[in-house]
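> Copying in the features that TrEMBL gives for the protein in this structure:
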type	residues	note
TRANSMEM	12-30	transmembrane segment
TRANSMEM	78-100	transmembrane segment
TRANSMEM	128-153	transmembrane segment
TRANSMEM	159-177	transmembrane segment
TRANSMEM	239-263	transmembrane segment
TRANSMEM	300-329	transmembrane segment
TRANSMEM	350-369	transmembrane segment
TRANSMEM	375-400	transmembrane segment
TRANSMEM	420-441	transmembrane segment
TRANSMEM	447-468	transmembrane segment
Amino acid sequence: MSLDTSKNQKKMTLFKTLAITFSSMAVFYWNTAVWPKPTLCRTCKHDLGMAGGHILHLTTGSLYFWAAHLAGPRWGPFASWCCAWLETIGVISGIGAQAYSGSQALQMIILLSTGTNKGGGYFASRSVFLCMYIGFTIIWAFLNTFALEVIAFLDIISIWWQVIGGLVVIIMLPLVARPTQPASYVFTHFETSPESTGISSKPYAVIMSVLLSNYSLYGYDAAAHLTEETKGADRTGPIAILSSIGIISVFGWGYNLALTFSIKDPSYLYDGNNETGGALVPAQIIYDAFHGRYHNSAGAVVFLCIIWGSFFFCGLSVTTSAGRVVYALSRDNGIPFSPLWRKIHPKYKVPRNAVWLCTAISIILGLPILKLDVIFTAIISISTIGWVGGYAVPIFARLLMEEKNFKPGPFYLGRARRPICLVAFLWICYTCSAFLLPTIYPIRWKTFNYAPVALGVCLSLIMLWWVLDARKWFKGPVRNIDGQHGDI
């Protein structure tokens with residue numbers, strides 16, 4: 001049994017596809033970092049690897065299908081194997097990243113609602129925080145056991161929630177925070193905060209500053225995973241991807257500028273004795289703005305609820321994508337116990353087992369919350385390296401592919417494709433390297449970024465499986481490639 005693929009069953013319209021794709025990318029990320037550079041590089045990479053490849057091959061595992069096709073018969077199986085597993089790692093850990101962000105927002109909402117860190121408010125312990133984390137993943141999995149139209153409806157709500165809520169936060173926060181910081185401070189001031197991070201090197205701080213911007217601009221490949229359930233997916237998918245990138249980039253810039261203009265005392269933001277316990281800088285900025293103007297935290301709680309909603313909808317959409325990525329790979333026998341994970345719910349036509357597998361793994365990934373302080377950094381590092389690494393495979397294959405073997409479609413880049421491919425690939429290499437670096441010094445057990453170890457072990461096992469066994473039988477998405485040599 002397969003997903004809804006017949007013409008009369010394809011109920012995903014452009015707006016519904018846009019809703020899920022947009023919701024997979026969080027507008028409100030916990031960062032006041034550099035936004036322009038990641039946006040531009042991501043757009044270049046997207047134009048080729050995603051929109052440029054989203055033409056006729058309408059399969060749920062589109063990304064690794066493109067990798068197989070672009071790499072050719074000789075290298076196609078290995079390329080699709082690497083791409084599929086990297087993407088699987090990225091999207092499953094992406095569920096964890098959203099669950100952690102949602103838990104942080106909820107933790108701050110409860111704290112500010114009950115009196116702040118200074119006023120005896122309740123600050124959730126590690127165990128309670130973990131329960132929040134697990135609760136979000138289970139709720140998202142439960143909602144994803146229903147028909148895709150249910151998720152699409154919720155994500156239509158998500159679009160309006162994030163657009164309207166985003167405008168409210170972006171416009172109102174600087175107005176409430178008046179007087180705000182001057183433009184010279186926003187665009188020229190450099191803050192390393194060595195007392196909280198141990199990092200005093202400005203070049204190193206610049207590298208660190210783009211981490212969350214890089215992560216929050218991923219997820220637009222959700223449109224590719226919905227192609228088998230989308231009307232006119234050859235055009236609907238690319239339009240949804242491009243639109244999501246544009247909207248998120250504009251709102252991301254606006255959000256970061258609003259936060260930065262609204263900063264009152266930079267040195268106080270990281271103080272462990274401040275109202276938010278030094279746990280979340282954006283929450284402290286928002287609190288300072290409202291408390292300074294109205295002498296209470298009610299407005300800050302409302303704004304944090306808007307932000308929490310963004311994370312909730314984002315996690316819901318990422319879970320949708322993760323289930324379909326695992327389903328696609330298991331359909332091609334690329335995952336242990338594949339027959340179990342490729343089962344489709346007879347009534348709702350969704351990969352229910354695959355969804356719950358993703359949820360279970362994301363919960364395991366979050367268990368170090370009980371002991372480590374940099375769990376969020378580790379999770380987004382694993383997610384971004386997996387996600388962006390999956391994008392890199394078809395882009396690199398396209399860079400090497402002879403032009404005579406490529407049949408262009410509506411989103412063809414022409415002569416610009418080679419320099420764009422090169423820039424995109426080099427940016428991916430930089431991104432992956434940056435996410436492996438420590439974010440807090442000195443390095444101790446509680447501040448250790450375990451992403452390099454986790455990824456190293458996982459990728460080593462995957463490659464060992466390939467060398468010893470999988471290369472003998474895994475031929476890529478065989479059932480979808482055989483007999484098809486159409487445009488990409």
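Heads up, the Cβ atoms here are built off N, Cα and C, so glycines get one too.
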> Determine which residues of the chain contact the transmembrane segment (128-153) at the Cβ level, with the cut-off under 8 Å and only residues 6 or more beyond its ends counted.
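Contacts with the transmembrane segment (128-153): 4, 11-12, 16-17, 19-20, 95-96, 98-100, 102-103, 106-107, 226, 229, 312, 315-317, 319-320, 323, 345, 348-350, 352, 355-356, 358-359, 362-363, 366-367, 369-370.
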> Under a criterion of three or more Cβ pairs within a distance under 8 Å and sequence separation of at least 6, are the transmembrane segment (447-468) and the transmembrane segment (375-400) in contact?
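Between the transmembrane segment (375-400) and the transmembrane segment (447-468), which are separate recorded stretches, there is contact, as judged by 3 or more close Cβ pairs.
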> At a Cβ cut-off of 8 Å, and with pairs 6 or more apart in sequence only, do we get at least 3 pairs between the transmembrane segment (239-263) and the transmembrane segment (300-329), yes or no?
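Not in contact, no.
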> Using a Cβ cut-off of under 8 Å, list the residues of the same chain at least 6 residues beyond the transmembrane segment (78-100) that approach it.
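Residues packing against the transmembrane segment (78-100) from afar: 26, 61, 63-65, 67-68, 70-71, 133-134, 136-137, 140, 215, 218-219, 221, 311, 314-315, 318-319, 321-322, 325-326, 328-329, 334-335, 358-359, 361-363, 365-366, 369, 375-376, 379-380, 382-390, 392-394, 397, 455, 458-459, 462, 466, 470-471, 474, 476-477.
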